[in-house]
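**Student:** Handing you a structure now.
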C-alpha cells in the first residue's frame, strides 16, 4: 500500500514539476518577446499647426511583431510654456485610439511664468492585430509669456521627446530584462494602481522639437501706456462734452 | 415692400417666426456638432453643462474650471443632465424671444404705435446676432430679459415698483454690470426739488440738503430694500452652500479681472506690458477713472429717460472697460431698439454707423487672427486696432447722443 502511495506522490510531483517548468518556459517566452520589443524602435515627434494652438504628434514604430499582451506607455514631460485643455481632451477621447492621464490640475489661463510644467501619461492601443505603429496626436496651447525687454519678438518653447515604456502582463521578472531601466508608473489611464514598466532606450539621442510664441515688447511700455491713456482721456472728454450739450432736461 | 414688412411684423407671425427660426438653428447646431470638426455650440455651454453635472452629483459647480457665473445658472440647467442636453439652449431662445416681447411692450409704453413698435422689435427678433448667440448656448438672453423686464416695470412704476426691484436685484446677482443702473434709478425715484420762484433766494446749502433728502422717499426706500434683499439673500444662500469660491468666481474675479490676453479693450496691451511692474495698480485705477466719471455724467444728464440712460451706461461701461469680448456687446444691443425710434438719423446714416462698427471689429480681428493662429507678433497692430475701435465706438455714441430726441411720455408731460 505504501509503495502505491509513494508512486502516486512521485507521479504527482513529477507532473507538477513539468507544469511549473512549462509555466516557467512560457514566462520566459513572454519575457524574451518583451526583450525583442525593447530592441531599438523609432520614436518620432512632429509639430503641426501654427500660432498658439499646436498639435504634437508622436509616432512609435516597433521592429518586432505585435504581441497582444504588451502595453505601451508614453510619458511626455511638458514645459510650463504650454498647457493641454483637459475638457478638449475629454471631448476628443472617443475619436482617439489612446487614453491620457494628467499628473496635476491644469490652470488654463495663468501666464507661463506663474505656471508649472506637468506630465502626461498616454496609453495608446493598437489599431489592428498586426500593427507595429502607434500614432498619438495631442493638442497643446501656448501660454502668454512675460514681455521681452531685449527686442526679441518671439520666445522659444522646447518640447522634449517622450519616454517610451513597455510592460507585459505575462512577464513579471522585469529584472531579467537588464540593462533596461525599470520604472513605476500608473498601470492604466484610470490611475487605480501602479505597475512596473521597462523603459525603452531611444535609438539615438533625440533633440527636442521647438516652436516659437510671440511676446509683447516691453521696451514700448511707456509709449503704449501714454498712447492708451491719451486716447481714452480724449474720448472721455469728447463724450462728456456732447452729453452735457445734449442732456435730457 | 411695405406690404411685406407689415405682413412680416404682424404680431403672431413675428414672435412665432422668431422662435421657430431659433429652434431650427438649435437643431442645425446639434447636427453640426455631431458631424463636423468645427462645433456650432459655444464652449461656454459645455462649461454650464459640466457645472450642472457637478450639482447633480452633489458637488460645487465651481469644480468646473472657468465656471465664473452664479450657481443659479447651473441649477437652472440641471435638466440638461436629467432630461436632455438641449434644454439650456431652449431656455435661452425662449428668453431671447421674451426679450423681444419686452422691447415691444416698452416701446408701446413710450408712446409708439403698436405697428411701429413691432417693426422696431423685429430688429432684435429677426436679428441674426442674438439668434446665433442664444442658439449656440450663451446665457446672455437671460440677463437681457431681466434688464428689459426691470425697465418695463420702471415705466409702469406706479403699479409695478416691487417687480422692478425684484428683477433688478436678480439681474445684479447674475451679472455685476447692471449695478451701474442704480444711480439713474435712484435719481428717477427720488423726490425732485420743487421749482421755486427765482425771486425767492434759496441758499446753496439748503439746495444741497434738499437734494440729498429727496433720496429718502418711500419709493426709493422700497426699491432699495427689495432689490438689496433679493441680492443679499441669494448671495448669503450661495455663500452658505459653496463658500468663498462662489464669491470669488461670481463677483471678485470680474471686478479684479486683468486679462492680459488679447481682447477688444484699448487697455489690453498696456495691462499686458505692465502686469509685473509696480505701476500696475495705478494704471488699473487710471483706466477705471474715465469709465467711472462718464457713468456719473451719463446718470446725471439722462436719468429722466431711463431706457436711454441705461443704454448709454452699458455702452460706455463696455467701451471703457479693461476687458472687452464680443459677448459684452449684447448687453447694450438689447437696449438699442428702445433708443432707435427717437433717433433723428436717416436710414443711410444709421447703416453707415453700423458698417463703421463692424469695420472697427474687423480691423481688430485681422491682426488678432494672425497672432493666435499664425504665430506672427502683431501685438502692436492689435493695440492700435483696439484704440481705433474705441474711437469708432465713441464716435457712434456721440452721433447717437446728438441725434436723440427724447419722447414726451405722459409721465414727463405731467411733471412739466
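Using the three backbone atoms N, Cα and C, a Cβ is placed for every residue, glycine included.
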**Student:** Of the ranges B:275-300, B:379-404, which one does TrEMBL flag as transmembrane segment?
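**Tutor:** Based on what TrEMBL states, transmembrane segment spans B:379-404.
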**Student:** From the ranges B:57-80, B:81-104, B:105-128, pick the one that TrEMBL records as transmembrane segment.
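**Tutor:** In TrEMBL, the transmembrane segment feature sits at B:81-104.
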**Student:** Any idea which of B:220-242, B:243-265 is down as transmembrane segment in TrEMBL?
**Tutor:** B:220-242
**Student:** Could you tell me whether the transmembrane segment (B:379-404) and the transmembrane segment (B:305-323) have 3+ CB pairs under 8 A, leaving out pairs under 6 positions apart?
**Tutor:** yes
**Student:** Take the transmembrane segment (B:354-373) and find every residue of the same chain, 6 or more past its ends, with a Cβ under 8 Å from one of its Cβ atoms.
**Tutor:** 262, 264, 326, 379, 381-382, 385-386, 388-389, 392-393, 395-396
